Amino acid sequence: MSLRPNAKTEVRRNRYKVAVDAEEGRRRREDNMVEIRKSKREESLQKKRREGLQANQLPQFAPSPVPASSTVEKKLESLPAMVGGVWSDDRSLQLEATTQFRKLLSIERSPPIEEVIDAGVVPRFVEFLTREDYPQLQFEAAWALTNIASGTSENTKVVIEHGAVPIFVQLLASQSDDVREQAVWALGNVAGDSPRCRDLVLGQGALIPLLSQLNEHAKLSMLRNATWTLSNFCRGKPQPPFDQVRPALPALERLIHSTDEEVLTDACWALSYLSDGTNDKIQSVIEAGVVPRLVELLQHQSPSVLIPALRSIGNIVTGDDLQTQCVISHGALLSLLSLLTHNHKKSIKKEACWTISNITAGNRDQIQAVCEAGLICPLVNLLQNAEFDIKKEAAWAISNATSGGSPDQIKYMVEQGVVKPLCDLLVCPDPRIITVCLEGLENILKVGEAEKVTGNTGDVNFYAQLIDDAEGLEKIENLQSHDNSEIYEKAVKILETYWLEEEDETLPPGDPSAQGFQFGGGNDAAVPPGGFNFQ
């Protein structure tokens with residue numbers, strides 16, 4: 001299944017806010033933000049073509065394995081005879097010809113889907129789906145149609161337009177295990193084609209009979225296929241109407257306790273789609289009781305499971321403080337620490353940092369929990385040394401923590417070394433991240449100023465000195481000429497507030513050079529040509 005078939009247009013909350021409250025600081029995911037799935041995996045999940053099985057894997061009705069692709073051309077030569085068999089009134093010829101078509105459509109590479117469609121047999125296969133008296137023929141026809149629907153959108157459209165979808169939904173109640181399983185697979189392929197096709201399948205009432213396949217008596221192959229199809233029912237943008245997919249939540253809560261990696265993977269992806277949205281959707285996911293197990297799965301050895309579990313947790317903490325607290329209370333912070341500090345791939349670390357950034361956008365108790373879990377030090381390490389995509393997310397995590405944190409929490413973060421890497425990112429190419437880092441530094445400077453006012457630091461803003469020592473002052477000065485007006489204005493404001501007064505105090509009384517700089521908050525303030533320079 002493709003995670004990004006349609007461009008998400010959601011903008012990060014709190015793009016350039018000066019003061020960040022918990023709601024503003026949380027950020028929904030952007031489409032291009034976390035590239036965590038290989039295209040091969042995306043494609044195989046969106047649609048699956050049923051290929052030939054070994055003799056010991058064949059379902060009850062599959063009489064023989066698939067021919068080698070080298071015989072395809074020879075098979076196509078006999079296409080007229082196969083078509084004749086399909087349209088015959090002879091039951092055995094119908095089955096034999098349909099089976100030949102199924103084999104042809106099941107070859108490993110480039111099956112001749114277009115040629116089969118052009119042969120005009122699709123309506124006949126759909127008709128065969130209704131043959132309750134002949135489940136073996138139903139099965140072969142369903143398999144052939146499944147593989148046609150695994151092709152292009154145009155191929156899928158042909159299957160839909162010949163009326164197969166409502167019949168496949170009816171076949172979910174078939175007496176035959178194999179027919180039911182093939183119907184599940186076919187519906188997964190149709191739903192996986194596009195949100196429009198997904199909604200068509202849901203509109204035919206497919207969800208409830210699909211969920212009934214997920215029982216304790218189901219074979220593993222059925223569990224895998226039904227869970228995969230369920231994930232396709234939940235996938236895609238625009239999202240399906242939540243009321244249509246909400247009934248899947250109790251089943252997903254059971255499925256994430258499976259020991260099978262494929263079932264776990266697709267169940268977690270389904271939860272990641274359902275939790276990607278408004279707080280009421282997030283609340284429904286929480287109330288389904290999935291959070292404890294999702295947190296456990298953050299330590300799963302397989303990235304295929306870990307990634308969608310992390311995505312789900314990350315989505316949940318975009319909710320309100322209570323929803324975020326549910327994740328914290330179930331021990332997610334220690335798992336996130338492990339993801340930051342162990343040798344996980346870039347995409348996982350990036351996703352973990354994004355998740356933490358939404359936790360640090362919470363209240364002070366939640367920021368304290370992040371500090372006590374030991375997350376600040378590894379965040380600083382990533383902020384300093386990781387690839388830029390990870391640095392960006394770590395910068396959000398630190399900046400959000402400074403926005404909502406107490407003075408003591410900010411002092412702790414400074415002690416952990418946040419100042420230098422924040423300063424270093426002021427020269428990065430991303431204006432949003434420059435702004436995020438400026439906000440973080442400004443929040444730190446405010447605490448330093450408060451300490452200075454109380455006389456605790458000998459009339460010196462110790463944090464301003466730290467920023468200067470980290471070459472941050474020079475970088476802030478240079479931002480006065482930045483193309484982005486918000487960055488320029490913020491840089492000027494920081495320089496006015498935390499360095500100009502210091503410069504003024506060093507000038508001798510009556511020094512004429514002080515006359516043009518009336519910046520004490522008056523409206524007549526003017527920035528000197530070229531900006532401030534305090535070096």
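Each Cβ is built from the backbone N, Cα and C atoms, and glycine gets one as well.
Fair warning: this is a prediction, and the values are worked out from it, not measured in the lab.
The domain 'IBB' annotation in Swiss-Prot covers 1-58.
Taken from Swiss-Prot, the feature region 'Disordered' applies to 20-67.
Positions annotated as compositional bias 'Basic and acidic residues' by Swiss-Prot: 20-46.
Counting residues 6+ beyond its ends, the repeat 'ARM 1' (67-106) has Cβ neighbours under 8 Å at 49-52, 112-113, 115-116, 119-121, 124-125, 128, 134, 136-137, 140-141, 143-144, 147-148 in the same chain. For 67-106, the entry in Swiss-Prot reads repeat 'ARM 1', with the evidence type sequence analysis.
Mean pLDDT of the predicted structure over the repeat 'ARM 2' (110-150): 97. Sequence annotations record features per position, and here Swiss-Prot assigns repeat 'ARM 2' to 110-150.
Per Swiss-Prot, the feature repeat 'ARM 3' maps to 153-192. Using a Cβ-Cβ cut-off under 8 Å and counting only residues 6 or more beyond its ends in the same chain, the repeat 'ARM 3' (153-192) has close neighbours at 1, 45-48, 50, 59-62, 113-114, 117, 122-123, 125-126, 129-130, 132, 135, 138-139, 142-143, 145-146, 198, 200-202, 204-206, 209-210, 212-213, 219, 221-222, 225-226, 228-229, 232-233, 235.
Here Swiss-Prot flags 195-235 as repeat 'ARM 4'. Sequence-distant contacts of the repeat 'ARM 4' (195-235), counting only residues of its own chain at least 6 positions beyond either end whose CB sits under 8 Å from a CB of the stretch, comprise 1, 5-6, 45-46, 48, 156, 160, 165-166, 168-169, 172-173, 177, 180-181, 184-185, 187-188, 244-245, 247-248, 251-252, 254-255, 258, 260, 262-263, 266-267, 269-270, 273-274.
Sequence-remote contacts of a segment are chain residues at least 6 beyond its ends whose Cβ falls under 8 Å from one of its Cβ atoms, and for the repeat 'ARM 5' (237-276) they are 1, 5-6, 8, 28-29, 45, 195, 198-199, 202, 207-208, 211, 214, 220, 223-224, 227-228, 230-231, 282, 284-285, 288-290, 293-294, 297, 300, 302, 304-305, 308-309, 311-312, 315-316. Residues or ranges marked as repeat 'ARM 5' in Swiss-Prot: 237-276.
Per Swiss-Prot, the feature repeat 'ARM 6' maps to 279-318; the stated evidence is sequence analysis. The DSSP breakdown of the repeat 'ARM 6' (279-318) into helical (H, G, I), extended (E, B) and coil residues amounts to 30 helix, 0 strand, 10 coil.
The feature repeat 'ARM 7' is assigned by Swiss-Prot to 321-361.
Annotation comment: Swiss-Prot describes 364-403 as repeat 'ARM 8'. Through the fold, the repeat 'ARM 8' (364-403) approaches residues 19-20, 25, 27, 321, 324-325, 328, 333-334, 336-337, 340-341, 346, 349-350, 353-354, 356-358, 409-410, 412-413, 416-418, 420-422, 424-425, 428, 430, 433, 436-437, 439-440, 443-444 of its own chain, all at least 6 residues removed from its boundaries and within a Cβ separation under 8 Å.
Per Swiss-Prot, repeat 'ARM 9' is recorded for 407-446, and the stated evidence type is sequence analysis. With a threshold of 8 Å between CB atoms, the same-chain residues lying at least 6 positions outside the repeat 'ARM 9' (407-446) that come near it are 12, 15-18, 20, 364, 367-368, 371, 376-377, 380, 383-384, 388, 391-392, 395-396, 398-399, 401, 461, 463-464, 466-467, 470-472, 475-476, 478-479, 482, 484, 486-487, 490-491, 493-494, 497-498.
Per Swiss-Prot, repeat 'ARM 10' is recorded for 461-500, and the stated evidence type is sequence analysis.
Tertiary neighbourhood of the repeat 'ARM 6' (279-318): same-chain residues 26-29, 34, 36-37, 41, 242, 246, 249-250, 252-253, 256-257, 261, 264-265, 268-269, 271-272, 324, 326-327, 330-332, 335-336, 338-339, 344-345, 347-348, 351-352, 354-355, 358-359, 362, selected by CB-CB distance under 8 Å and a gap of 6+ residues from either end.
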